[in-house]
Amino acid sequence: MTKIGIIGGSGVYDIDGLENRKWVAVDTPWGAPSDELLTGTLNGVDMVFLPRHGRGHVQTPSTVNYRANIAALKILGVTDVFSVSACGSFRENMAPGDFVIVDQFIDRTFAREKSFFGPGLVAHVSVAHPTCERLMDAAETAAKATGTTVHRGGTYLAMEGPQFSSMAESHMYRAWGCDVIGMTNMPEAKLAREAELCYASIAMITDYDSWHPDHGAVQITDIIATLNGNSANAKQTVANLPAILGTERAPCPCGCDTALEYAIMTAPDKRDGTMVEKLKVIAGRLLG
Ligand SMILES: CSC[C@H]1O[C@H](OP(=O)(O)O)[C@H](O)[C@@H]1O
Ligand SMILES: Nc1ncnc2[nH]cnc12
């Protein structure tokens with residue numbers, strides 16, 4: 001059965017239309033997630049919403065407990081995760097107000113825990129294709145139905161922040177072929193893959209970062225103004241997802257939900273018992 005998880009980014013701290021709404025606290029072996037999680041149903045499909053920065057925007061991009069957030073979604077039985085994020089644009093034709101269905105990432109973050117695995121239980125999953133085609137299809141359809149301009153595919157540069165890029169960095173990321181920039185989708189997407197959760201990212205463009213000769217350097221006031229103007233489209237996009245995905249769920253065609261099948265390297269007799277117990281939360285399918 002489908003259970004949709006929504007990770008709401010800057011400006012998205014709640015979702016509309018849920019029936020049987022209930023905020024629930026979830027503890028994980030990696031600590032507390034950013035906030036309680038909002039559970040309910042929409043169009044008969046179970047949904048779970050988590051505000052990435054917490055209600056009231058308390059967590060910075062570096063202090064978000066990404067492992068706890070993904071583990072909490074897994075614990076609640078989520079199958080498919082959509083991130084909704086604010087981002088800057090490196091492309092003239094990707095304008096503020098547009099949505100980008102991200103399909104690739106360059107991870108320049110450096111102060112975050114990036115894996116559930118570690119000494120005593122080592123695993124290597126592929127993130128060559130870090131986002132799920134089925135969820136990208138759904139996100140594209142859901143976003144287009146709001147009338148927003150939607151770009152299918154784009155490379156997201158994940159920076160550490162919290163400061164925005166210098167102009168030199170902005171030009172460098174453009175030269176690297178990046179399309180958008182944000183501070184949060186990594187390691188979130190990597191961890192979703194380790195947890196065998198399908199993941200897609202709906203990036204709402206709020207600014208041209210700091211490269212554009214006709215636009216001043218990105219300012220938080222401009223971002224907030226654009227976010228406020230687009231939060232209705234973001235919420236409507238989310239509300240469109242359940243009807244598109246439906247309640248019945250076939251195995252992921254691209255294999256996100258079997259990502260760990262051959263990924264665990266540590267020999268069974270060399271595994272650390274404490275690690276194995278912790279990892280059962282996300283890899284119980286393989287660890288028993
Ligand atoms: C509010 S501007 C910078 C902030 O917004 C984005 O957050 P999120 O991805 O959670 O929407 C960006 O990554 C920064 O964290
Ligand atoms: N220009 C930008 N850089 C990093 N994160 C952002 N979030 C929104 N706009 C951004």
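Heads up, residue numbers simply count up from 1 along the chain you see.
Backbone N, Cα and C define each Cβ position, glycine as well.
According to TrEMBL, the residue from Ser10, Ser126 that belongs to the phosphate site alongside Arg52, His53, Ser85, Ala86, Thr184 is Ser10.
Of the recorded residues, Tyr208 (substrate binding site) and Ile220 (site 'Important for substrate specificity') place their C-alpha atoms 12 Å from one another. Close to Ala86 (phosphate binding site) in the fold, though at least 6 residues off in sequence, lie Gly9, Ser10, Gly11, Gly182, Ala203, Met204, Thr206, Ile223, Leu227, each with a CB less than 8 Å from its CB. Of all the binding-site residues listed here (Ser85, Thr184), it is Ser85 whose C-beta has the fewest other C-beta atoms within 10 angstroms.
Arg52, Ser85, Ala86 are the recorded positions among Arg52, Ser85, Ala86, Ser165, Asp207 whose C-beta comes within less than 6 Å of an atom of ligand 1, given in sequence order. Counting every protein chain shown, 11 other Cβ atoms lie within 10 Å of the Cβ of Ile220 (site 'Important for substrate specificity'). When the recorded positions Arg52, His53, Ser85, Ser165, Thr184 are ranked by how far their Cα is from the Cα of Asp209 (substrate binding site), Ser165 comes first.
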